C-alpha cells in the first residue's frame, strides 16, 4: 500500500537486501522530498531517499523519537536471460494486425496493443485462437509454451459497429487518459490515491482495492460509481467517471459487529506498524521472535484459502485446487503439476517406453513453514527451474498442512516407497518443509534419489536436479539398451512365428488342395465306374435281347457282316437278310460300341450306315449277302 509494489518476488528481494528490516526496505524505495538519509554513525550525511512518516498520515508514529536507516545494497548482480520474442498475426474482420512481444508479457498487453490499433476497448474484446483454450488477461505468454509464430482472431459480440470516426476518436482519447481515483476505506477511514488508465475495467479497480483492503470483491460495498457503470467489465473511459479525479468509498458488506471488529483489528495493525521505530525491529529477537517467523506469520495471515481441501475424496480434484491456489499466490510461472493420483503419475513417468520415461518430482507443501513462501516464489517459480522440470520431470504435489492430508500421503508413501522413506518424512519438522522428493522408477521398485529441503538456493536446487538427472540418464541408457535388445528378440521371434504360420498355412493349403484333388478324382472315378456299370448293364441287356445267330445252311437268306473296330479287330456275325438294321446296331453296342458314340461306315460306296432307317431290313439297305463295315468314333 505504501510503495505500490505488487510483485511478491520484487518485495522479497528488497526485504533480503535490507536484512528483512521492513521500515528500512520501505525507506529505501519511497522517494522523499529531502532526499537525505541521516546516518546513526557519527552524524554523517548520506544522500538518498528517506522515509517521511508525515507524508503518510495513516501510519504516522506517536513517539517523538525518530530513526533513519541506510538500505543494504545488493551484493550480487542478477543476470537476465535474453528474452524470447513471439510473433502474433491477429485477424479482426477485414484487418490483420502484426504484434511482436517478449514471452514475459501477458495476454492483457496484447489486448492493449490491439486496443490502440483496432480502437476496441479491452473489456469488449475476446481474443481467440489459443491452442490451450480461453486464457486470462493476466496469463504470461511464457506459461502457454507458444511457438514463435501464432495466429489469433478478435471477436466483439457485445460491441456494435462504429457509428462514425469522430466517436472512435473520442473513445480512443478517453482510453488514453489516466483517471485519479480517490478511494476511501470506510472502516479504517483511510484514503488511497490510485491512478488507472481509461482502458482499465471496473473489475480491475475492485481487484486492486481487494489487494489493499483485503475485502473480497464479492463483499465490497461501493458508493460513488456513476449510474452508467452497471457492468464490472466496462472500462473506466466508458463508465462516466469525472476526469481527472473521481471520489469513491468502499466498505465491507457484513454485519455491524463484524465491521467494528475488523475495523479495530486493522486500525490496531496500522498503529502497531507506524508506532514501531527502527529499534523495535532491530531488537525483536530479544523477545524470541526472528524476522523469518514474523514474515511467516504475516504471510500466513494473508492467505485466503488452503492449498488443498481436507479429506478430499478425489486426488485429481484436490490437485486442481492446489494448482489454482498456487497460481493465485505465486503467479502463473510455476511447474506444471500433474493432475491425478500418485499411481497415475507413476504410470505417466515410469510405465512407458524407456526413451519416454522421466523422473518423478514430488513437491510437499506446508503452509506453516517459514520457508514456504521463499522456496515457492524464489526457487520453485524460477524460470530455469520451471523449464528444467517441464523437460525432464513429471511434477506431482501434495499439501501436508492438514493432519488428514499428511496421514493420507504417508500411507501412499509407505505403500510405494517403503516404511523407511515414510518414517523419514514423518520425522521432518515443520520448519524443514517444503520438501522436494526426486523419484526414479526401477524394474521392480521405485527409488528415492534425493530429498531436497526448503532451505536451499536456486543454484543448489538446480545442481541437485541435474545430479539426479545424471543418475537417471545412465540408468535410462541401460534400460533403452535392454529394451532395444528385447524388442529385437521379440521382432525375430515374431518374424519366426510369422514364417512358421505362413508355412503352416501353405502346408494346409497344399494338403487341402491335394484332398480336393483326391476327392475330385474319387468322384470322377465313381462317375466313371457308374457309367461303365451302366454301359455294361446296357450291353448285357442288348446282348441278351439279340436273336440267335442263324446257321450258314438256313432256309432263309443270310447276310454275313464283317465289322472292323477302331483297334483293328474284326467282329463277324451272320444275320437274317430280313433282320432289321437295329439288330446290327444292338450287336455292335453289345460289343461296347454304342451307336450314339460310334458310327458304322461302309466302304464301297462309302456311307454312314448309322444315318439309315434302323427299321429297314439288311436286304433293303443292301447289306446282303455279305459286307465289310468299320467303326469310327463320332467327333
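Placed from the backbone N, Cα and C atoms, the Cβ positions cover glycine too.
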Coiled coil range according to TrEMBL, out of 492-544, 545-597:
492-544
So which range, 251-277, 278-304, 305-331, gets flagged region 'Disordered' in TrEMBL?
251-277
Feature region 'Disordered' in TrEMBL, mapped to one of the ranges 47-74, 75-102:
47-74
Looking only at the domain 'UBX' (554-631), what is the model's average confidence as pLDDT?
90
Give me the DSSP three-state residue breakdown of the domain 'UBX' (554-631), ordered helix, strand, coil.
13 helix, 29 strand, 36 coil
